[in-house]
């Protein structure tokens, strides 16, 4: 029997009350310093994989011991996952990196039925977990002591901008024929739908992260890790099938007017991207500050359409959880989901499809979202999300000099 890896966090907690530290998540007050110490319990002589399928972390939060259970988020990437960027002279360069042994996990806190966790273990521990109804973030501290991490409540991150942040969608998808409402109790694994998601990063965001493509890719992977967890409630499985970074220049006119940017991005996807890479839905991440309070926009009820199965999202926060929720929101519109009303509920939290982003982040879809999503799926039956792809999609005879790294090359 394979023994589960046990990792113990030895907590050296030094709350810096009233002081501030600058982390990737922003300026943070009142945090604790923790020192992860890995203790394995694998059989003697066993080869330890780089990233185990299951892990446990013991730590203290606010002086109380907790046990964090983590499982690798299998299926996070499609089998033909690709990454594309552009050389300074504009050549398209596409690679197919190995991603099976990745470092992204979902989890829960022991003895807390409502807890969730989304953690990257790539370079230290980075992510968030919900404990007793409160959201905590964890990330490595940039100190000479490489083992030091910070743990802090989401509410202790200083807000850069108190202005409201909203989705720009105003219309709803309406079914023209009455259909039987879906309920979670009568859905089975046969109803599962699969979305192969492609994410494009504009040149402004590339420059925002100082041209660090690795940092951008990690951020995107962490976001999709969060989205995949959220969509499980809707019986929808998300796999990231590709990332394209406009490292040389923008391929469309990215402008503050979100509707025009969305229209241009949809046309580009239809005429360019789909000819190079098969996928079900594409989202554009941009550093452009959209007009007004808008931070995202998408077409409603358009999943699988060559132009309209798209959305545009402003990279509006250093906290990847908030941007991930925004992308999950816009993808929800593509699936026919409207904004929540006061009668919608997701267990007392602000829900993903709220028209305005909440200062208390939520990873939960409401009961209204569930019904609307399956109304759309059963009425429109979008074909592209019926089955997950089981084979590599873009395989050709290896040819050197075309800047495309094919399978086998």
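Each position is counted from 1, following the chain as shown.
From the backbone N, Cα and C atoms, a Cβ is placed for every residue, glycine too.
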Of the candidates 158, 160, 196, the one that Swiss-Prot places in the Ca(2+) 1 site of 280, 384, 387: 196
Cβ neighbour count (within 10 Å, all chains shown) around residue 384 (disulfide bond): 18
Assigned conformation of residue 384 (disulfide bond) - DSSP reduced to three states: helix
